[in-house]
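Worksheet: one structure, shown below.
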Amino acid sequence: MRSFILIKAFLLCSYRSESQTVQVQPGEEITPLCPNISTTPTQTDWLRLVNRTKSSCVSSLYESEGSPSFCHGFQNGKYEMSSNVSTVFLKIKHVDLSDSGLYFCGFYIKKHTVIAEVIELSIKTDCKAIISILDESDGRINLITVILGSLTVLLTIVIVGLAVKIRKLQTASHFLENKQNRGPDHLNYAALSFQAKPKRNRRPASERQLEPNVVYAATR
């Protein structure tokens, strides 16, 4: 693709008063048309001039059956260039304010670029369009908020569940460790001691043996 260093001055000189103006709403799709003025296969370029100060190439195509080449800043799939025997097309999808400006269609003929069509693309910015854009933005923000909130709740539930499971595993591990340390034959015994109650001597007094060192007295 050729250099476009002097394109701004060239386009300003090529601008014609009979250029057509196209107005579209933001988000719509538009396809500017350019008549094919070349009788032989040649290179066709779409160029854009913004505020009559900033110029840039959009795309380039050699022959109608070739593949278009897009310039820097126009390679995001938003623009599509095609051609047939009589017309050159430039499709612009999801138009927004940044797409406004003058679009030039030029053909490289005999070492010169000949402008065949000039189209001024104007983007409407009425209240309804602005409100619609804001509503769409609010809807996206609300959807993102709901998704993030749901993910936060889900993540919290997962964390709590993992914490409980880890706690249970730690408790079971400590129990098994204590059981292994005590051994399988370890038993607790409760020792009980029983003392026999002393038996009383219930023999008759006559049969009891008298103590030798005791003085007994009989009374009536």
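Quick reminder: no glycine exception, Cβ is built from N, Cα and C everywhere.
Looking at 14-36, 198-220, the range annotated in TrEMBL as region 'Disordered' turns out to be 198-220. Across the domain 'Immunoglobulin' (19-124), DSSP helix (H, G, I), strand (E, B) and coil residues number 3 helix, 60 strand, 43 coil.
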